[in-house]
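These come from TrEMBL:
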| type | residues | note |
| --- | --- | --- |
| DOMAIN | 1-196 | domain 'Major facilitator superfamily (MFS) profile' |
| TRANSMEM | 21-41 | transmembrane segment |
| TRANSMEM | 53-73 | transmembrane segment |
| TRANSMEM | 80-99 | transmembrane segment |
| TRANSMEM | 105-122 | transmembrane segment |
| TRANSMEM | 143-166 | transmembrane segment |
| TRANSMEM | 172-191 | transmembrane segment |
Amino acid sequence: QTVPSQLKDVVNDAQLLRLDFGIFALHMMLTATFVVLPLALRDAAGLDTDHHWYVYLPVMVFSMLLMIPFVIIAEKKRRIKSIFTACVLALALAEVIFMTFNDSLYGIVIGLFIFFTAFNALEATLPSLIAKMVSPNNKGTAMGVYSSSQFMGAFFGGVLGGWLYSIGGFEAVFGFCVAVAVVWFCVAATMQSPRYLSSHLVRVGKIDEEQARHLVGEFTKVTGVAEAVVLPEDGVAYLKVDLRALDREALKAFAEKDDAAGGAAPG
């Protein structure tokens with residue numbers, strides 16, 4: 001849910017704007033590509049429309065399977081930025097293949113396999129990057145802007161894809177998508193590497209504003225807690241924690257101490 005009072009903070013965050021542009025570009029490329037790709041399969045590659053699923057089904061299945069290890073490496077090995085930018089380049093490569101070999105069934109299949117492997121990996125990592133980069137109290141607003149960017153990308157992709165096809169054919173559409181991917185790569189390359197933080201919820205019960213401010217200070221003293229936001233009206237604390245460094249015993253002891261005082265319980 002987008003909170004108007006937090007919107008200014010979100011739209012002024014350069015790192016979040018890079019990710020918003022990313023989801024915009026990703027869905028613009030997807031929609032523009034699939035305005036014309038079925039036509040290329042039918043008219044240029046000679047595959048009857050009733051048989052397009054022969055291409056789409058295996059490509060989707062195998063690209064999703066191949067995507068999984070990339071996502072695991074990105075998260076477990078903390079290489080999310082390098083995997084992310086490599087996938088953006090892979091999208092550009094796929095569009096170059098579409099532009100060059102749109103009259104070849106084999107060329108289109110290879111391009112689709114590369115495209116959807118990269119697309120699925122990016123679709124999985126973009127929300128993760130949003131969660132890592134936004135402060136806990138702005139997460140709902142950030143996701144609202146992110147979702148709006150996604151739908152705007154799909155809209156402009158459909159409009160521009162149809163218009164470009166009408167004036168320049170397949171090459172104009174795929175060439176445009178190559179340009180979008182290159183611009184996106186330049187934007188993504190300047191992105192800061194994210195902090196590898198996870199969300200953690202602690203229920204603190206009914207407290208007032210002064211107690212909430214005190215709890216923020218107490219939580220941030222715990223090793224591995226990077227950020228803390230306490231919402232007294234909801235009776236919860238949202239923490240950003242580094243799971244590798246988190247002092248779980250200290251956090252647990254704090255929660256137990258708070259319980260004894262009529263306060264927090266881990267959530």
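Numbers run from 1 along the shown chain.
Glycine is treated like the rest: Cβ placed from N, Cα and C.
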Considering every residue in the domain 'Major facilitator superfamily (MFS) profile' (1-196), what is the mean pLDDT value?
91
Take a look at 21-41, 80-99, 105-122, 143-166, 172-191 and tell me which one has the most Cβ pairs under 8 Å to the transmembrane segment (53-73).
105-122
Flag the pair the transmembrane segment (143-166) / the transmembrane segment (172-191) as in contact if three or more Cβ pairs fall under 8 Å (sequence separation 6 or more).
yes
Long-range Cβ contacts under 8 Å made by the transmembrane segment (105-122), restricted to residues 6 or more beyond its ends, are 22, 26, 30, 33, 37, 40-41, 45-47, 55-56, 59-60, 62-64, 66-67, 70-71, 74, 83-84, 87-88, 90-91, 93-95, 97-98
